[in-house]
Amino acid sequence: MAFSLIRKLDAPSRGILSRKAVVMLCSLLAPLILLHLLTDRCASPSPVRGSPRNKRLVSERRAAGHGVAEGAVTAVRAGPTVWQLPEESPAFPPPQDLVVSPRFAGKISPLGEGSKKLPQALIIGVKKGGTRALLEFLRVHPDIRAVGAEPHFFDRNYDYGLEWYRDLMPKTLEGQITMEKTPSYFVTREAPARISAMSRDTKLIVVVRDPVTRAISDYTQTLSKKPDIPSFESLTFKNRTTGLIDTSWSAIQIGIYAKHLDNWLQYFPMDQILFVSGERLISDPAGELGRVQDFLGLKRIITDKHFYFNQTKGFPCLKKAEGSSKPHCLGKTKGRTHPNIDPEVVQRLRDFYRPFNMKFYQMTGRFFGWDH
């Protein structure tokens with residue numbers, strides 16, 4: 001009987017001893033685990049906060065043209081300390097409980113800031129064709145983000161590198177298109193190869209205008225800056241008596257569109273280049289903008305309701321510009337009054353451009369109606 005009583009008490013006592021052992025083991029392990037976590041956290045490099053001085057140093061480095069590969073870390077010496085500055089902050093994953101409306105799916109980031117990307121579309125020309133008007137109109141579209149100033153990367157600043165170029169771009173969200181415009185690209189011989197090296201899928205937009213009117217507009221702009229330049233007529237001809245046109249003058253050379261297009265077609269197929277009529281951009285801005293939106297694969301959001309015609313300037317204006325609730329017209333430098341040009345000189349120029357225009361119509365498959 002005594003033996004059976006001992007047996008009955010033995011099992012519970014073992015359970016009590018086991019629980020005590022587990023508690024003791026946990027109390028011993030807990031400090032070790034905590035120590036390990038603290039050591040691991042301290043060993044992880046924390047990002048350096050961007051003080052104004054550090055930001056200035058990075059800006060100076062970029063301005064000097066020292067591009068850095070994506071994700072690379074730039075070492076900047078500030079006094080005796082060397083700071084490790086991440087070129088770009090890593091993207092943080094969204095919270096698991098974040099619910100995104102289907103309307104904004106793919107167009108939202110956790111911080112709503114987006115990231116800088118190389119442009120997927122470029123307005124490459126032509127000077128005095130209407131590129132500024134086109135860019136201002138396009139910026140109304142919510143899915144287009146564009147640089148306001150002309151970067152001149154593929155003609156003047158190419159040595160700075162693609163990282164420098166990308167840093168000029170605005171931040172975009174998923175599904176938005178990054179754009180810039182530099183009209184001189186169209187006549188820069190090296191530009192097609194350089195843009196193709198960046199991306200063969202880049203979409204190109206060229207705003208073209210009657211080459212005679214374009215040349216006079218080009219001259220008018222130069223005249224406003226340099227009033228003492230020679231007359232339009234004297235610059236047009238190598239020899240006024242023989243009527244030989246001076247094609248070395250840039251105002252004349254830019255309008256030989258077929259010649260410049262030949263250079264681009266060596267690197268890009270025609271279906272990646274859209275030609276916008278500068279004349280129709282004035283008479284029917286919504287129509288031309290519709291073609292551009294289709295070309296970029298965007299919904300036609302910019303329509304007739306966005307424009308009104310300013311009789312004084314002779315140009316269409318936006319009822320509401322990007323980021324504003326007020327009407328917006330192009331600056332006073334647009335729509336300058338052209339000087340009176342000798343009608344005989346104008347006719348000589350029309351005769352000169354006619355064969356080039358005809359070839360351009362054939363190449364683009366579009367008749368622009370410049371030959372009167």
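In case you wondered, yes, glycine gets a Cβ from its N, Cα and C as well.
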According to TrEMBL, the disulfide-paired cysteine of Cys317 among Cys42, Cys329: Cys329
Per-region confidence, the domain 'Sulfotransferase' (119-354) (mean pLDDT, whole number): 93
Inter-residue C-alpha distance, Arg132 (3'-phosphoadenylyl sulfate binding site) and Cys329 (disulfide bond) (nearest angstrom): 11
Whole-number Å value for how far Cys317 (disulfide bond) lies from Ser217 (3'-phosphoadenylyl sulfate binding site) (Cα to Cα): 20
